[in-house]
């Protein structure tokens, strides 16, 4: 097959749901509903924490950062998918494709880092509660967030650079619903082993090593909880990190399967399902898991709604 220089073609074709053409409108409304609920939920969390002084603690600060991140994370892929489902125009330009690839992985790696930061925060709160406030100061929290975002946007440069420099052969059909590493390298010409190796190394750095850090934090947390003498104390300590643990398992398990497990161990169709989980369902469920079942947040939401009602009555 003849190699085609990247400048000689303008568009890729996203064919992720081409086998479900008859369900395009149904899929559109399903994904639109998920997208809108995700944006609304995460925006509500950000606003509730921002305007309620009782929630101005490191834990809720990190949750608002995660919610802000989730809104952008889901926006990198879903709007383009919705456009394809409505117009049936599956084209995405070469530049937009790799811009989407970079933003998606930058935000994804940033989320991995933020989950590790939140594990560290919970570890400090449970392991050394008396020193927690002196360690997790506002400055430290901001530096940890800055590190997470910087780490995510820097680490993502290498795999995107390797992938964008690969020669591509026609046809330029990407059997996925957004531009991702594996679907792009699958249509590249020649030997893609160096690209795949680089991508797996970055995936390991972004998921495996950070996951190891999270596991160490939770081993310390478990050790600390076991040392608590009362059942009530143990229950209270575990409740502060149980939501985070659920999110970690959900996010890392799907990301690990897609990016670390060898591709011959699972099909492209399975990858699409896993991708929907961590690109749409995880951002949708995170606010529910973290906050909407949290008594402090629910009370703050009730107070906010009451203030709005009072303001409306006053006008």
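All residue numbers here begin at 1 and follow the chain in the order shown.
Any Cβ shown, glycine's included, is placed from N, Cα and C.
Residues or ranges marked as transmembrane segment by TrEMBL: 25-48 (among others).
Feature annotation from TrEMBL assigns domain 'G-protein coupled receptors family 1 profile' to 41-290.
Residues 14, 16, 28, 31-32, 34-35, 38-39, 41-43, 45-46, 49-50, 92, 100, 103-104, 107-108, 110-111, 114-115, 117-118, 121, 141, 145, 177-178, 279-280, 282-283, 286-287, 290-291, 297 of the same chain lie 6 or more positions beyond the ends of the transmembrane segment (60-82) yet place their CB under 8 Å from a CB of it. Summarising the annotation, TrEMBL assigns transmembrane segment to 60-82 (among others).
Long-range contacts of the transmembrane segment (102-120) within its own chain (CB-CB distance under 8 A, at least 6 residues past either end) are made by residues 59, 62-63, 65-66, 69-70, 72-73, 76-77, 144-145, 147-149, 151-153, 155-157, 159-160, 178-181, 206-207, 210-211, 213-214, 217-218, 241, 244, 247-248, 251-252, 255, 278-279. Taken from TrEMBL, the feature transmembrane segment covers 102-120 (among others).
Marked as transmembrane segment by TrEMBL: 140-162 (among others). Outside the transmembrane segment (140-162), and at least 6 residues removed from its termini, the chain residues within Cβ reach (under 8 Å) are 58, 61-62, 65, 98, 101-102, 105-114, 116-117, 120, 181, 194-195, 198-199, 202-203, 205-206.
Per TrEMBL, transmembrane segment is recorded for 201-226 (among others).
Annotation source TrEMBL lists transmembrane segment at 238-261 (among others). Tertiary neighbourhood of the transmembrane segment (238-261): same-chain residues 59, 108, 111-112, 115, 118-119, 122, 125-126, 181-182, 199-200, 203-204, 207-208, 211, 214, 218, 221, 225, 271, 274-275, 277-278, 282, 285-286, 289-290, 293-294, selected by CB-CB distance under 8 Å and a gap of 6+ residues from either end.
Taken from TrEMBL, the feature transmembrane segment applies to 273-292 (among others).
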Averaged pLDDT score, the domain 'G-protein coupled receptors family 1 profile' (41-290): 88
